[in-house]
Each structure stands twice: as C-alpha cells, then as structure tokens.
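Input: a single structure, listed below in structure tokens.
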Amino acid sequence: MPELPEVEVVRRGLAAHVTGRTISAVRVHHPRAVRRHEAGPADLTARLLDSVITGTGRRGKYLWLTLGDGSAVVVHLGMSGQMLLGPVRNENHLRIAVLLDDGTALSFVDQRTFGGWMLADLVTVDGSDVPAPVAHIARDPLDPLFDRAAVVNVLRRKHSEIKRQLLDQTVVSGIGNIYADESLWRAKINGARLASGVSKAKLAELLDAATDVMTDALAQGGTSFDSLYVNVNGESGYFDRSLDAYGREGEPCRRCGAIMRRDKFMNRSSFYCPRCQPRPRV
C-alpha cells in the first residue's frame, strides 16, 4: 500500500496540473470505486460536474482535491490505486475518468479495487481544514505542525509494541510497514519493544528517523516494488534500491554486517538486524 512519500509524490504531481481547472466531464466506470460515497455514483458525478479544483491536500496516506464549494474529493489509493494524467494505457482497470476544461484527462486506475473516491465536507481540526472522514487521522512527520514532543508523550503511555504504534494512524500518520521497518533500523530499535519502555530521547530519535527516511524516499519518487505504485505520469519511484531493512532477510546489515532477519507481524513481516536491533527479553 502506498505510504506517505508515495501519496505526497502523487499530490505534488496533481497540484501542478489540476489546480484552478474546472471539471467538464466525469464518468464512473466501476461502482466499487465510489462505494464510500454513500449517495452513489450518480450523485458524485453530478456534484463534480462544473466544479473548480481549488487545490490539493494530504494527511498521512489520505489525499484530496479541494473544490470551490468547500467540499473535497477524498482519494484513498488502497493497495493499487493510481491517479494518472493523460491517456490510460490499460483501460481494463480504469475506474473513474475525469476531463478538465483544458483537455487534461485525470484517471483513477485501480487493479485490485480496494481504493476509491468520495465527496466530503471540509472541517477545521487543530487549525487545519481536512475532509471530515480524515478528521481522526493524526498529523504526519512531514506536516509543518507535527508536534514531536506531544507524540513522544503519547507513545510513552502505550503499553504495546512500538512498531504497532508507528502503524496506528491516530498516533502518527503516513507510516506503513516499509517505512516503520526503515525508521526502526535507523534508530536501532526492535519493533517488538514496548513503546512505554523506550526512553523519550530514543522515541524522539525514532520520529526523527521516520522524518528523514520519508524525506529521502520522497526525493527518489517513493518506493515501487511493482507497477502498482506510480506517479501521475505513470513512472515508478526508485527508493527500493536504498532500503536498509525492508525486504533484506538473509542479507548483511549495511551497518554492522550481521545477517538481517524477518519475523511475522500482524499478517505482515518485520525486517531487522539482530545485532543492532536486539529483540526484547521475554
């Protein structure tokens, strides 16, 4: 699933091309793509037609297009959603097609159909306007108003695994399995440690590591392991070449040379160095 850097790459690409444009045509090709919009495809189409896109926004893994009437198109990419500008190469997975007043085609393509669009009102939360369905999502480490000290205090009160807390979007958003493992590796913390047992200084270091690794990933267009994640031009990111932990089971740690390991975690996997990131004693 795309994480913060991948979604931000898409947001930036959209911002440069759709801001200020008017929607002149909309077609929903698959009803599942708008299943979160309770009023249905016809309502979404009617409300989008002739709307002006006034900007783009993102919090964590959620992306949205703000409209002139004060509402927003909330986009969740799911496992394989793509927001593409220009002609679509494979229309088999085209779910929503939008035509802008300058002739630009904006398409939502989703092979697995886990993602989707919905319309929602904007609400003000802690001084920022966000779509109502996103109001419960915490700020992410790249948000200018991200409060590291406050998040550290929240984590210190959590008597559960630190990696589980990194993935909790109500604590800190935007971090998924890949960047959680990368952040934990950089901070030399095993994800199985209890958050409450990690010092405030070390938790601050971990959040700084998350900020740094996602900034690095953003600079390289995000992480693409297959063709499912691409930017608005259909191009893959290449941060997968720079990963230090994720997917490196059986390879030497880039820092100490120990052989990287993989453990099962929440129907996923955790990758770590047994020397730099020793598991907590039971």
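Cβ from N, Cα, C; glycine included.
When Arg112, Arg148 are compared with the DNA site residues His93, Lys158 in Swiss-Prot, the one appearing in that site is Arg112. You'll find the Cα of Pro2 (active site, schiff-base intermediate with DNA) roughly 7 Å from the Cα of Lys61 (active site, proton donor). Neighbour list (Glu3 (active site, proton donor), Cβ cut-off 8 Å, at least 6 residues apart, same chain): Lys61, Gly174, Ile175, Gly176, Ile178, Tyr179, Met214, Thr223. Taking the Cβ of Arg268 (active site, proton donor) as centre and 10 Å as the limit, one finds 14 other Cβ atoms among all the protein chains shown.
Annotation for the recorded positions Lys61, His93, Arg112, Lys158: lowest Cβ count within 10 Å of the residue's own Cβ, Arg112. Considering only the binding-site residues His93, Arg112, Lys158, the residue whose Cα is spatially closest to the Cα of Arg268 (active site, proton donor) is Arg112. Maximum intra-site Cα distance, DNA binding residues His93, Arg112, Lys158: 41 Å.
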